[in-house]
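Inspection log for the structure reproduced underneath, given as structure tokens.
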């Protein structure tokens, strides 16, 4: 009888050991969130621009309340992030959604952390762009710029905090995938790929900022498009095409802005050099090329009609 008990105990221990070794093992790169960023519409349900914008605003508010920014930088970072159009995070989230409609790895991926990252990077660049040593702007989004309200030193530190937190958000996105999507192929490789690509893109944006070219705008759309594609489990072989789509969209976005600022811009402005009509034609051609690629990769959805129209409206001044 005693032998049977010993044998039973050994069998149970073996089963526990096998179960443990078969369970996916991972370590967290980041501390877990104290609150969920969003509860609401299922990640794969279709959404219009307004719904996406409201969803991201909720994500942003929760992230700020959860302590994405610390101490004296909380107020200027929060101030800088309010009132945006959120077009870059919306693009990222929609590309992830569209990719997963074609193929998925178990639970749907919810890219809230990645969406925060791309917005943080973008807003950091706006803070720097407005500084006295660059454009010396005192107004943005119908309110004081960050440096004008909080001073140059806090503006510089806020831009740095936003950038650093953006990389933290990417790491948090990888951790989220590890915990919620066990069939996702090699999340650690994903994290390394995203951080390397983002670092390269931010370097390009910085170089573009120094010479005041579209290269200060396009890299942030490349981050949104390519992070969305990779997180949505799009193929690595197609990244070049997605990057081309992002370049076309970013170029159209910048040139539409040049048309809008034709009469007030004192820096380099394509519309002032080539005329509004020719510039508008390039905007339309760039959007058409972007649309063609998105169709080819089967990620063109109805919300893109709204996104493209917003760019056209900027160019038309409506």
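Sequential numbering from 1, following the chain as shown.
Even glycines carry a Cβ here, placed using N, Cα and C.
What Swiss-Prot records for the isopentenyl diphosphate site is 85, 88, 122, and among 140, 141, 149 the residue it adds there is 141. Residue pair residue 254 (dimethylallyl diphosphate binding site) / residue 88 (isopentenyl diphosphate binding site) shows a Cα separation of 14 Å.
On its own chain, residue 141 (isopentenyl diphosphate binding site) has 83, 84 as residues at least 6 apart in sequence with a Cβ closer than 8 Å to its own Cβ. Summarising the environment of residue 140 (dimethylallyl diphosphate binding site), the number of other Cβ atoms within 10 Å of its Cβ, over all protein chains shown, is 18.
DSSP gives residue 140 (dimethylallyl diphosphate binding site) a strand state.
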